[in-house]
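Have a look at the structure below, then the notes.
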Amino acid sequence: MDFPSQSEKKKYITKKRTTLFSYDDDDDDDDFDQNREFIHMSSYEESKDQQNSFNTLLLSELSNCEDQKQQQQQQSSSPTQSDCDSSPTNNNNNNNTNNNIVHHLNNSNSIPISGSNNNNNNNNNNNNNNNNNNNNNNNSHHHHLRKGRRLFHDDNDDQPIYPASASLSSTKTNMFPSSPILYSSPSSQQQQQQQQQQSQSQQTNEFKVPSFTPLSFINNSSTNSMNIRPINNNRIYNNLNNNNNNNNNNNNNINNINNNNINNINNNYNNNNNNEEDQIFSSSLPTSPVSWSANGSMMNGHNINNITGNHSRFLSNGSYNKGNTFPSTEVKRVRPDQRAFNENSFSMSPTPSPPPTPSLKRNNYSSPKFEPVFIRLAEERTNRKRSTSMTSNVNNNNNNNANNNNVNNNNNNNNGPNSISSLIANVNPFTEEGRLQSLNKPCPSFQLVNNNNNNNNASNNNNDNNNNNNNNNNNNNNNDDTCNNNNNNSQNIDNNLITKFSLYKHTFQELDLIGEGSFGHVYKVRHRIDGCLYAIKKTKKPLKGQKDRDIVLREVYGLSAIKDHTNIVRYFNAWEEDSHIFIQMEHCNGGNIYKWVTEHIKQSESNLLLLAKQILTGIVYIHSLGLVHLDIKPENIYIIYKCNQNQIITNNNNTCSINNSSNGSDSYFKSKIKTTENDLDNFITTTNSVNNNNCNNNNNNNVDNQNNNNQNNYLIIDGNKINFNSITFKIGDLGLLNEATNTKIYSEGDSRYLSRELLHDDMSALKKSDIFSLGCTLYELARCKPLPKSGMEWDSIRNGILSFEKEDSIYDDNKNDFSTEFWQLIKSMIHPDPSVRPSAEQLLEHPLIKYGVIEIDDFENEIETLKNLLAEKEKVLIIQKEKQKLRQNQLQQKMQQPNFIELKQQPQQQQEKQQMLHQQKQQYLEQHNNNNDNNNNEFDESEKEYQIQLEQFKIQKMQFQLQQEQLQYQHQHKHQNFFTKQICTASQIEGGIKNMAL
């Protein structure tokens, strides 16, 4: 073909190639049509008559087909005037002129958007479209048709250059159901001014496009703002970008997610007549009939009707206006791998592809954390894969009043981490507290927030929604509630993003503050799932560095290494949260024993020895692991007890309530006990608040008196009489745990319980330091007075001296209550020389610790047990004596019987043997008579000798038989047939006389 000359080319305004273009596979024919002819840049009439491109012809054919289709529908349906007036869709379709020509708008870089405020303008401007087209072509820089996949571009240097893929509601996107939808680029300041001018003067002939609001300003936008969201998820984010205006005629079913069929969502859009939305269209159209048939059929009348649900509502709601058509520049459908994105758009493709040009970037959209969950649920319920197409319908509608009420009511139920405190914590029925609760009625404090009221409110709001949604089914209304419940978190997205997830608050219910120390706070908590009680340590200050973290983690390492022991506080879990370390441990319901000192609760010697025995058992286990505690003191020794009904202290002829052991509940279980002198049968449990102050005061006086004179083997805790044998003492607070062979100590313990060698940095005997600390603890409990932190008394304790003379009257009274063996035991434990101090194993073998203080009852019990042992031994001796007598009688009978063996061939040998046997028997009898005390041993020896003799006799007998056999053999050879009979007397044991054949 003939290409135009250089002079002719000046008439044509060619497209400047910049980085903002998107090219296809054949860039050489971008400036040519199907006939390889250069596209002329004249007005639209000239281009129509001379050089019409293939796509322009297709557009005109499609519009004609659509017009014919509409005329057929009007003739078949013939709606009334009232129906037409009530339907904005019919009005728009009837008033639109057959403008099937794409045109350029003057000074516009984006494609018109048909929103809620543009429907009226569409009808007014339809008559002026042709005039605008003819007048503006001369001013436009690009009036030729492009075949390649390029975006709209303006070469004007005065305005910013960007791809103008806008959201269009006026284009015929129902014919291109598979065209990906692109988002418009951010509007410049110049475009925003044009938008304001357009809103002020709507009667001008210049049709300007309102630019969309960026994503960052969506929350502050007006009713014309656009929601930039993917198509499959715009209903999920409806409440996130919810506007303030309320339309009573709007359907809440826009927010529905139908679990059974995704097509119900599209049907809801067809029923929504007043939902005027900003529709997002693609600026690219198909280039061939094959690409138009997205549903697998060729371009015909049937294919136009077979449109997807997302595009079908464009014709029904009147947003499709034939007057607002594309500009004269040809646009093509962008493939999924060539999709263009601007700065405020993001891809929903599972495998994102690179952008078509270097200047177009895909920003990482920071979606909320719950977005993938809702997306996945919606896709799983509909059994559909995530679509790679961007044909999205962004919902910019305002919810009605009923929907807003639902949001407010549901926000009270689901506030994320803020509502954790209202969750119900279970009570384990297998624990002691659970058993007590099964007997008693639940306490009012356990009746936490009930969600029935909120559910009723939700049902009432659901009824309101049914009244407002006249065009929807009841099933869709049920979906409203489910979707609203899912979107409540999106309504409070700011609070959820600010409030961090707390494992401590989510897993445990905080009940009380147990204690506070240098480490931090210790809380009594209940696990929300298993219902058990735990003690959780939390660092007081946030960890500032690795050094602080290492110091705190030493206790965690120690607890995890020790695992589980009866006399050591059990460790469960540890975690770090907000620069705080949390340690979950076993809850000890009796607290620590330091309150014995502060409250002057005196303990007997037997109780302290029982305490020392259990603590030494735990120390032995720690030392067996090659570790040392280095912080043994009353504050770190805890009590676990079990309270039974028989252990409750009561007063005669009084009726009062006493607190049972509460394993960490908010309030103790109350019980009324009516007692007599010998009766505790009438036990009535109640949960009402008790106001028996007078009875409690009288009872407390008795408790104090019993505690101050606690010489018996029991302990009074919370009004309960606890037997010391049922109490378990545990070692806790392993923050200073260290290796026994380590010469470096990170921190020292309490100076009141430190040994002298540790004060002088002597780390050679760290195990003996624990013994010194335990000795100081027993000394403090015996005195019932706190140890000094400095002074002469402090120094005397380091020297192993107990200064009895300098003590006050309280200590003098305690001195007489303990034995000298007890004080000697304490002195040995606090000896200044660590090599002299006994080890933990040796102390467990000490008689005073092993057996404790023996009382009169213990002596009587011991005597009874000894008598029983003696009686059993006497019975055994009598039986043995009777057996010995029977054996002696049998032997005498055997000796009295004659034991002669007559052998004619060897008479002399037999006589000698008989004499020897007779002599041995006589000797045996003489020895037996002389040694009556050793009858058993001598009898055994005589039996052994007798057996030896019998064996010798048997051997001789065998030899004799062999000789006889030889003689018989010789006699047979000599043919001498005679027999000799030899009669011999057998021994007394063999059973008498035997005849032998020779």
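Placed from the backbone N, Cα and C atoms, the Cβ positions cover glycine too.
These come from Swiss-Prot:
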type     : residues                                                                       : note
REGION   : 1-34                                                                           : region 'Disordered'
COMPBIAS : 23-32                                                                          : compositional bias 'Acidic residues'
REGION   : 65-207                                                                         : region 'Disordered'
COMPBIAS : 70-139                                                                         : compositional bias 'Low complexity'
COMPBIAS : 140-150                                                                        : compositional bias 'Basic residues'
COMPBIAS : 166-177                                                                        : compositional bias 'Polar residues'
COMPBIAS : 184-203                                                                        : compositional bias 'Low complexity'
COMPBIAS : 265-274                                                                        : compositional bias 'Low complexity'
REGION   : 265-284                                                                        : region 'Disordered'
COMPBIAS : 316-328                                                                        : compositional bias 'Polar residues'
REGION   : 316-367                                                                        : region 'Disordered'
COMPBIAS : 330-340                                                                        : compositional bias 'Basic and acidic residues'
REGION   : 380-420                                                                        : region 'Disordered'
COMPBIAS : 393-415                                                                        : compositional bias 'Low complexity'
REGION   : 435-489                                                                        : region 'Disordered'
COMPBIAS : 450-489                                                                        : compositional bias 'Low complexity'
DOMAIN   : 508-849                                                                        : domain 'Protein kinase'
BINDING  : ILE514, GLY515, GLU516, GLY517, SER518, PHE519, GLY520, HIS521, VAL522, LYS537 : ATP binding site
ACT_SITE : ASP631                                                                         : active site, proton acceptor
BINDING  : ASN636, GLU677                                                                 : Mg(2+) binding site
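Structure with Swiss-Prot features highlighted.
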| residue | record | Cβ within 10 Å |
| --- | --- | --- |
| ILE514 | ATP binding site | 18 |
| GLU516 | ATP binding site | 10 |
| SER518 | ATP binding site | 7 |
| GLY520 | ATP binding site | 19 |
| VAL522 | ATP binding site | 20 |
| ASP631 | active site, proton acceptor | 24 |
| ASN636 | Mg(2+) binding site | 26 |
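GLY520 (ATP binding site) falls within a strand when secondary structure is assigned with DSSP.
In the three-state DSSP scheme, ASP631 (active site, proton acceptor) is classed as coil. In three-state terms derived from DSSP, ILE514 (ATP binding site) belongs to an extended strand segment.
Residues ILE514, GLY515, GLU516, GLY517, SER518, PHE519, GLY520, HIS521, VAL522, LYS537 are the ones the record ties to ATP, and the longest Cα gap between any two of them is 14 Å.
Computed over the domain 'Protein kinase' (508-849), the whole-number mean pLDDT of the model equals 76.
Distance noted between the C-alpha atoms of VAL522 (ATP binding site) and ASN636 (Mg(2+) binding site) is 13 Å. Within 8 Å of the centroid defined by the CB atoms of ILE514, GLY515, GLU516, GLY517, SER518, PHE519, GLY520, HIS521, VAL522, LYS537, the record's ATP site, lie the Cβ atoms of LYS538, LYS540, excluding the listed residues themselves. Cα spacing between ASN636 (Mg(2+) binding site) and GLU516 (ATP binding site): 13 Å, rounded to the nearest whole number. For GLY520 (ATP binding site) paired with ASP631 (active site, proton acceptor), the C-alpha to C-alpha distance reads 17 Å. Between the C-alpha atoms of GLU516 (ATP binding site) and ASP631 (active site, proton acceptor), the distance comes to 17 Å. ASN636 (Mg(2+) binding site) falls within a helical segment according to DSSP.
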